[in-house]
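Everything on this sheet refers to the single structure shown next.
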Amino acid sequence: MSESLHLTRNGPILEITLDRPKANAIDAKTSFAMGEAFLNFRDDPELRVAIITGGGEKFFSAGWDLKAAAEGEAPDADFGPGGFAGLTEIFDLDKPVIAAVNGYAFGGGFELALAADFIVCAENASFALPEAKLGIVPDSGGVLRLPKLLPPAIVNEMVMTGRRMSAEEALRWGIVNRVVSQSELMDSARELAQQLVNSAPLAIAALKEIYRATSEMPVEEGYRYIRSGVLKHYPSVLHSEDALEGPQAFAEKRDPVWKGR
């Protein structure tokens, strides 16, 4: 594993810290290491939730390493499994990822956060997609994911002028889940992770699968699709041991013991 990436396992929760002073910028080598970490997380049955954060208090990630670019790394270089930053092109991840944004999330750093399922950010965090000012475009998900979250006028301003969005504005638009003090950031992310661990893993996998499959469908069509039998996790969860355990635990006034089957 890259020395720029620190992995910590806390039971079923994996913490990934990007630590590349001064700005946690990501070159191809680092992106490959991040992809390996996220794919291992995906495939490890003991892990339930991942938290991705940046080292230090100023930068979550400044995105693509422009020093590497100046030395010849192309914008369309091979950034490894999972695409840029290891997560932006993993489309079959059935476990939740939390981005704990500790500072500036610019360019590919913002795109990395957008690829997560939840964003918890510090009060000093801000978000921007400045690629157009560098002669490129935010094609690691920014130009695709942001329009699903914001009105066109706001998206256009952000992607065409590179203007920054504060943590509080991001909260108002619903891009982030929580804004907390810098000192509370990781505790808040871990609290959310534990809440996710308390939910049944098969149910979460089914939810993510349904979101992916039906997000562009009308509601009626979505109903038909999820009941068509083509999905993997949704039919499984309906007939799982966990589907019996949940109501049983509720009736017995105890915490459920999920088996993931």
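One-based numbering along the chain as shown.
Keep in mind that glycine also has a Cβ here, set from the backbone N, Cα and C atoms.
Feature annotation from Swiss-Prot assigns active site, nucleophile to Glu111. According to Swiss-Prot, the active site, proton acceptor annotation covers Glu131.
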Sparsest-packed among the active-site residues, when each Cβ's other Cβ atoms within 10 Å are tallied, from Glu111, Glu131: Glu131
Inter-residue C-alpha distance, the residue listed as 'active site, nucleophile' and Glu131 (active site, proton acceptor) (nearest angstrom): 11
